[in-house]
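Swiss-Prot annotations:
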BINDING   His29, His36, His73, Glu118, Glu120  Mn(2+) binding site
DOMAIN    34-167  domain 'Nudix hydrolase'
ACT_SITE  Cys71  active site
BINDING   Glu91  Mg(2+) binding site
ACT_SITE  Glu120  active site
Amino acid sequence: MPQTDTAELVVLLDDDGRTIGSAPKAQVHHASTPLHLAFSCYLFDDAGRVLLTRRAVHKRTFPGIWTNTCCGHPAPGEALQDAVTRRVREELGVGITDLRCVLPDFRYRAVAADGVVENEVCPVFCGRAVGQVHPDRDEVADHVWVPWQHMRAAAEFGWAISPWAAEQVPLLDAAGIGHRD
């Protein structure tokens, strides 16, 4: 069962990426969001397509926007790979194989139209989805499998996907991820 915003803690970081504490997720996403630990995940199918998701419209940060497969926060003391596996299962109902961290040092800051700020050290993972997608509608409004070149095109426009995905896609391209197209 997914944690609620009131129960979920995020790991706070200093500017060097060291853990300095934790805080309730519901209290850290605002105009002065402190630096905290997160992750992004891109899942591919056997045809090499990537799973895009549309964030639920009631989410606190970047509601209703199309983005990479899954994002989330590890709990204090939770290994990042375990957090990725947990959140993908909770949000999308699928398992993962071949999970690997491909951009371990990714960091970004993005300001939403409503002034809410994301400020994260956000390692990026890629893997293969196992099973049929059954999204939790409290987290995911929609989903679609697309060829990588469609993800690349969305990133080039910037406004078509989340700001973090728009930054991550060229880095993933440079790392050779998604080049089956």
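A Cβ is built for glycine as well, from the same backbone N, Cα and C atoms used for every other residue.
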Neighbour count (Cβ, 10 Å) for Cys71 (active site): 25
Which listed residue (His29, His36, His73) has most other Cβ within 10 Å, given these are binding-site residues: His36
Chain-internal residues near Glu120 (Mn(2+) binding site), provided their CB is under 8 angstroms and they sit 6+ positions away: Leu35, His36, Leu37, Ala38, Arg107, Tyr108, Arg109, Trp164
DSSP-derived class (H/G/I helix, E/B strand, else coil) of His29 (Mn(2+) binding site): coil
Around the Cβ of the residue listed as 'Mg(2+) binding site', the count of other Cβ atoms that are within 10 Å: 24
Helix, strand and coil totals (DSSP H, G, I; E, B; other) for the domain 'Nudix hydrolase' (34-167): 28 helix, 52 strand, 54 coil
For the Mn(2+) site built from His29, His36, His73, Glu118, Glu120, further residues of that chain with CB within 8 A of the site's CB center: Val10, Lys25, Val28, Thr33, Leu37, Ala38, Thr61, Asn119, Cys122
